[in-house]
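> Sharing a structure with you now.
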Amino acid sequence: MEAPPFSSSCSSSPSSSTARLLSSPSSSSLLFRRNSFSKIHYSAKFKSPRNLSIRASGDSVVTLLDYGAGNVRSVRNAIRYLGFDIKDVQTPEDILKADRLVFPGVGAFAAAMDVLNKNGMAEALCSYIEKDRPFLGICLGLQLLFESSEENGPVNGLGLIPGVVGRFDSSNGFRVPHIGWNALQIKNDSEILDDIGNRHVYFVHSYRAMPSDDNKEWISSTCNYGDNFIASIRRGNVHAVQFHPEKNVGLSILRRFLYPKSAMAKKPTEGKASKLAKRVIACLDVRANDKGDLVVTKGDQYDVREHTEENEVRNLGKPVELAGQYYIDGADEVSFLNITGFRDFPLGDLPMLQVLRYTSENVFVPLTVGGGIRDFTDANGRHYTSLEVASEYFRSGADKISIGSDAVYAAEEYLRTGVKTGKTSLEQISRVYGNQAVVVSIDPRRVYLKNPNDVEFKAVKLENPGPNGEEYAWYQCTVNGGREGRPIGAYELAKAVEELGAGEILLNCIDCDGQGKGFDIDLIKLISDAVSIPVIASSGAGAVEHFTEVFRKTNASAALAAGIFHRKEVPVQSVKEHLLKEGIEVRI
């Protein structure tokens, strides 16, 4: 099919500071410019995806436009898994010469356009797409095709599709960012969507393009989240999707794009997806044991050592193997918490980065990593920003990063001064990668009260009274793995980090950790009612009924568990089957 003439605006001016940060994806990473000080032993038993893939026949090279922001490794792994080699774009000419081009845009709209304009790639992209060459844009790679975006703007886009990319409206009760597995309404025959049927695909974004009379000929599917927004477009050989086709069922989309003339039969419609599903997340606390081996452990109120004479670190398995099993079992996300991240040199933590790299080769659900993401100065006096640290995690396979103690300090300062400096880890990372890539992990403990007016922090009336009959409690935030209490409540912290740029909250509770008696409903209801960003309930799950309870009694978007999964007391699939039976939508 011939594409009609395009009208583009590919000459918006770059911001040099952002462009310098992101414009060298092919350069050696920060990590390998330095010596590693890590002595932790690590080995992986997973095969590489190339050994598991089906080799493509004929021309098996895909040109990848990686402008240096966010997790593109998962797309690389998916392409290789499907049997293709990758040629990275180094110059605008590489775009023009491509036989098939994949553009996995990740991060913020303005930052991406800065880089594309600075490197002359915006004009090349327009020329390539105008000629109806095989193209697949992913997430931001779809948004950039539109005329402009309101994100940190207005900012001009490539101008190939009529319309403005705007922010989701959270005033109607829908949480922003839109994170999780949602359903598609397929409008036109797009070919690459033939295998999706009624199954969930993975979204993570705060901005979206809306259907209109001017762009309706482009739209191949929409998704409903408050409003119907554009989930995918297709015109001729040009495709783009707002969701992530490298995640789980989405692999079929990549396969159909890469094998457009193959004789793959259209699969019958499967699944019962109708709306945004509640997520079930497997969490892996990773640290070195006393022998120097990297293991998955689990705390009892944050104590990870066995109560034995040897007092060894509790060992529940190897991180890559467990993550792979949880993917097979149906976990919607896998979260790694590097609880040895207090070291002075987080970028020297080779084993944790290797865990991400190996895991992302075969685990096609979102990966979150936390621990050690902060500004720091190494032993040689060289200063590294939290943005540089986060960038290394993203480049190693993380889809989202989780910030803990550093977010507490930033919130305290913000509440004290009322000033957003733009220098905190939250602000830096969300500005470049988008707030959907930043999770704040809150670690509070209950402080019981007779009278809610006894403290300056938000207190709640408890469903179950305290040990001395107290009817109220406030939730004191902690830092350094729960070791130190801070003069700020969970409610105040949650409100502050949302304003500073957090896109999601991982809400733990030290009192419930490892107890298996259920989530702290009082706490989760307090926080999920207070913010408009998604909240992940954590700490205390011991039975499938606890997941139903937290989703019915609170506005949590996801629920996370660790020990019950590691010890095989409650399988992930059993949780999902129970939720489905109780009428709660989940991805199956």
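Cβ coordinates are placed from backbone N, Cα and C, and glycine is handled just like the others.
Curation plays no part in TrEMBL annotations; they are all automatic predictions.
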> I'm validating the feature mapping. Which of 1-23, 300-322 is tagged region 'Disordered' in TrEMBL?
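Based on what TrEMBL states, region 'Disordered' spans 1-23.
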> So which recorded positions are near H244 (active site, for GATase activity), with CA atoms within 10 Å, out of C139, D285, G372, D443, N508?
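The recorded positions passing the 10 Å Cα test are C139.
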> Between N508 (substrate binding site) and D443 (active site), what is the CA-CA distance rounded to a whole number of Å?
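Cα-Cα, rounded: 5 Å.
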> Provide, as an integer number of angstrom, the distance between the C-alpha atoms of E246 (active site, for GATase activity) and C139 (active site, for GATase activity).
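About 11 Å separates the two Cα atoms.
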> Take the C-alpha atoms of C139 (active site, for GATase activity) and G372 (substrate binding site) and report the distance between them in angstrom, rounded.
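Cα to Cα, C139 (active site, for GATase activity) and G372 (substrate binding site) are separated by 28 Å.
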